[in-house]
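Undergrad: Got a structure for you, questions after.
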């Protein structure tokens, strides 16, 4: 039984398929398809690639491929170091197995030694040797068709210019006379480029960039992952063979084999299929089958770790077990399937699967399958021996790994969530995990993208701090407001992100904390106890309980939080933010300016001038609203000696805000403030989204697009702010306190532990502290789990226990200073992670 997972992960594989073409008396290998994750074909005309698509294979071609691997030559860990040496090794094996006669050996050597022409060479040289109007028109049309490849052509053009004096370019003849062995191509005129056999031994993978070999398709090279190795598929038909010959070779050490591949990557695998004339289409389908298997996650690893022929056959059998067959009458094979947005995890395929039907039964049922044409030797359907193992996979996952369903259901595989069984065991592991990366957290921030993120997060944090400060001011009657929220953000933000295990998590004021503060203040009012002093003991008990949770590795319970819980929580927070934004915009209607408008040439109505009158609202309530809006009132005494407000002195625009009422037929409400706010909101949103999507657009160079994407929100805010200034409409602005002092005059910066409260309030504070622990633990840990998702590909680990420890210390500090609690904010944290996301240049097509 062959085990997967017993060694390190195999390198990524780039597969290129070349077909044998004949142009007059000259033969060459032409690249017709390639695979990184999905298939790309050379479009008819030969000057551009197709869109990446999911490969659709013939089931018969898969059986023929299995027959080729069963009866052909398999060379495992060949020690060849150059293309000529590899060719000789393959030919010797063919002769030893009596697949070739000595008289045929030289002809096969000649075919395998032919030059390899790649698609990017076809594209850049097509139409270059013709003259006249038709040539110009053809070149223009080619340029239009290849507009998407403009960057690639430009990069190769520089290489061509540098080598122009060195290359002896010869025309490949008229394109109309060129033909493969079975059909005519539609490529333009070709250049007879000099042959490149193999690189000198002193040129390694990191060889000189001045070498001619490294002037290849550098644009496509950027899309390949680091450490990638090549798998080459060569298929073709020749006239001198009466039967097909097949070889599958895996080199012991990946080697650079000259012009075999279009990119300068070392070759690890080679699949060769040559046969008699008349079967080019079948040979191509077999080549596509092996190339698709090499791009498959499971077979690709099998090919690297196979020790004998049977291991490769088991890999093909596993692929056949998992493959889906479409009925021929219900599907058009010419339709290309778009790559999926997400690729499902394939680890479940390599679990030990019991065979529902025995291999013997399957073999008996398929024993009548076609075994091929004896006259041509074309590989046909396999017999019972060939299909051994098709009833069930013989691959198993080593080390008892869990299935993908178990892994995706929770976070049990996260090392930061494993219970150690020791006191502070999880905390010590978090510290050890954090320590090696502590200095790099500062040095890694010295780049342009982090500057863009800093500017963006400043605005993203400042707005909710002041907004939640206003809500706290109403809920706690000015005991805590915007100034206290700013001070808490500075203290908690600095300490948390300096010492936490996951500094990517952004902490801030959240909705659950606001609800808790409202409940605590109402309890204090009903019991006639001092709110800030009682709140201090709530924080002490909360910090103590969280500290106990850190000591006992209680954060391991987070491993039971499923993806559904994460998505539900994140969606709830996002909906709340969207709702709050829309409500803030809707509430501007109460802040609209009002004027007394009289149409021209009309008399002024007597007693109908617009003015503000009282609605009988309590003086204290109106005074509190005026203080909140930074408006000074001039109260007067009425006839009974009570304080009241002279509403006639209040500006018309402030009348409704101070619970007054407009009266008069000339009152005219200006809606420009609301309409302008809507324009600014929608404009900021669409501009930010458009610039964010600029990264994947075709406009501007890559660096410019990256900068525009990184500074998208910043640019949108600046542009809309300038528009607001130029238009000159008095839209609502964010009021930031100008002096550093507590909002409520009856408190200082340090809260007395007891104040006027009785002693029993210390013990009574345990009850609300338990509620606070649940809210803080869930809010903090769910957000941290979302940040630490596998798809974010974080490199420095997590620190659930360390985060809680730092949070417990901060809770005591903010309790003593009378400041709001800061915990992980889901939306802000995800925005932070997304703004710091770096997209690799090595992105596979599709």
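Along the chain as shown, residues are numbered 1 onward.
Glycine is treated like the rest: Cβ placed from N, Cα and C.
Quick paste from TrEMBL:
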| type | residues | note |
| --- | --- | --- |
| DOMAIN | 12-333 | domain 'Band 3 cytoplasmic' |
| REGION | 119-138 | region 'Disordered' |
| COMPBIAS | 126-138 | compositional bias 'Low complexity' |
| REGION | 155-202 | region 'Disordered' |
| DOMAIN | 422-846 | domain 'Bicarbonate transporter-like transmembrane' |
| TRANSMEM | 456-473 | transmembrane segment |
| TRANSMEM | 480-499 | transmembrane segment |
| TRANSMEM | 536-562 | transmembrane segment |
| TRANSMEM | 569-588 | transmembrane segment |
| TRANSMEM | 674-691 | transmembrane segment |
| TRANSMEM | 711-729 | transmembrane segment |
| TRANSMEM | 759-778 | transmembrane segment |
| TRANSMEM | 799-825 | transmembrane segment |
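Describe the structural context of these features.
TA: Tertiary proximity for the transmembrane segment (456-473) is limited to same-chain residues at least six positions away from its ends with a CB under 8 Å from its CB atoms, namely 480-486, 489, 493, 506, 508-509, 514, 517, 580, 584, 628, 711, 713-714, 717, 734-736, 743, 820, 825, 828, 831-832, 835.
Note on the transmembrane segment (480-499): residues 461, 465-466, 468-470, 472-473, 507-509, 517, 735-737, 740-744, 802, 806-807, 809-810, 813-814, 817-822 of its chain, located 6 or more positions outside it, place their CB under 8 angstroms from a CB of the stretch.
Below 8 angstroms of C-beta separation, residues 409-412, 414, 416-421, 423-427, 520, 751, 753, 761-762, 765-766, 768-770, 772-773, 776-777, 781-782, 784-785, 800-801, 804-805, 807-809, 811-812, 814-816, 818, 821 of the same chain, each at least six residues beyond the ends of the transmembrane segment (536-562), sit close to that stretch.
Counting same-chain residues at least six beyond the ends of the transmembrane segment (569-588), those with a Cβ under 8 angstroms from any Cβ of the stretch are 467, 510-511, 673-674, 677-678, 681, 732, 782, 786, 825-827, 830.
Distant neighbours of the transmembrane segment (759-778): 512-513, 516, 519-520, 523, 529, 533-534, 537-542, 545-546, 549, 554, 804, 807, 811, 821, 823; these residues of the same chain sit at least 6 beyond its ends, with a Cβ under 8 Å from one of its Cβ atoms.
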